[in-house]
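Input: a single structure, listed below in structure tokens.
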Amino acid sequence: MNEQPRTLYWVFLGFVGLVISLYVLFPVFWLFLASFKTQAELAQLPISFWPESPTLDAYKALFSPTHQKGQLLDWPQLIGNSFFIAISSTVIVLVFGTLAGYAFARLNFPGRDLILGGLLISRMFQGAALLLPTYRLMSMIGLQDSLIGLVLLYSAFGLPFATWIIASSLREIPKELEESAMIDGASRLQSMVMVVLPLATPALITASMWHFVGAWSEFAFASILLESNDNKTVTIGLASFVELFTLEFQYVGAAATIVALPIMLVFFFGQRYFTRGLLAGAVKG
């Protein structure tokens, strides 16, 4: 008797979720399709949803040094800068977050749980409140308008949450496995690398994905710290592009697609590990 209402309940929730997803994704999908249209097609009435004559001209223009759009914004360099910042800071966060997470999960020291909880609480502070002091600090130490400075800044911001995710996952791994390896002659470092970390792969991938996406899409700190065109990132380029070419949606759509593509690929290939890592951290943390 209770099965039918329960089924209807889940059907209703699924329908509501579908409607909300379509509402949120429709503008994104339209902008993606607009990148394959011409300016004349975008300006005609009534507005067509699907491209009548799909073209890659907008994408070619962004990467063409002879085209007006390619001359104003060096997109290959913007992409290279963003990849350098995101990958470098992700590696730093993963290495030090793993070591710190292992210490929180395996070592007993005063205030361990309090400090670990404080790492999570630090996520509650809004980044906007730190813009001015961060700008002054980076200027004082000579790392303003520097890719290395932004790598270190993103690493500092991403390390607490990565440490919490990894520590929460490592606590679920039985200590007996590690102790058995140490009895067989392995050092603590060897047992961590050969036994513990392979079992914590979902958490490591989750922390890496979370930080990479955040570093790739971050705009506020990059916009105030990076001034020269040689150091700008894709998010700054996209914001400048929208400001420069507000009505030329085919170029805006092409730029937005390029910016979003790495994020979509990361989640497409790592979604399974990402979900498992978050659930492990939520259950144990």
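Using the three backbone atoms N, Cα and C, a Cβ is placed for every residue, glycine included.
These come from TrEMBL:
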| type | residues | note |
| --- | --- | --- |
| DOMAIN | 79-270 | domain 'ABC transmembrane type-1' |
| TRANSMEM | 7-33 | transmembrane segment |
| TRANSMEM | 83-105 | transmembrane segment |
| TRANSMEM | 114-135 | transmembrane segment |
| TRANSMEM | 147-170 | transmembrane segment |
| TRANSMEM | 191-213 | transmembrane segment |
| TRANSMEM | 249-269 | transmembrane segment |
Top stretch among 7-33, 83-105, 114-135, 147-170, 191-213 for CB pairs under 8 A with the transmembrane segment (249-269)?
7-33
Taking a Cβ cut-off under 8 Å, which residues six or more beyond the ends of the transmembrane segment (114-135) line up next to it in the same chain?
104, 144, 153, 157, 160-161, 163-164, 167, 220-221, 224-225, 285
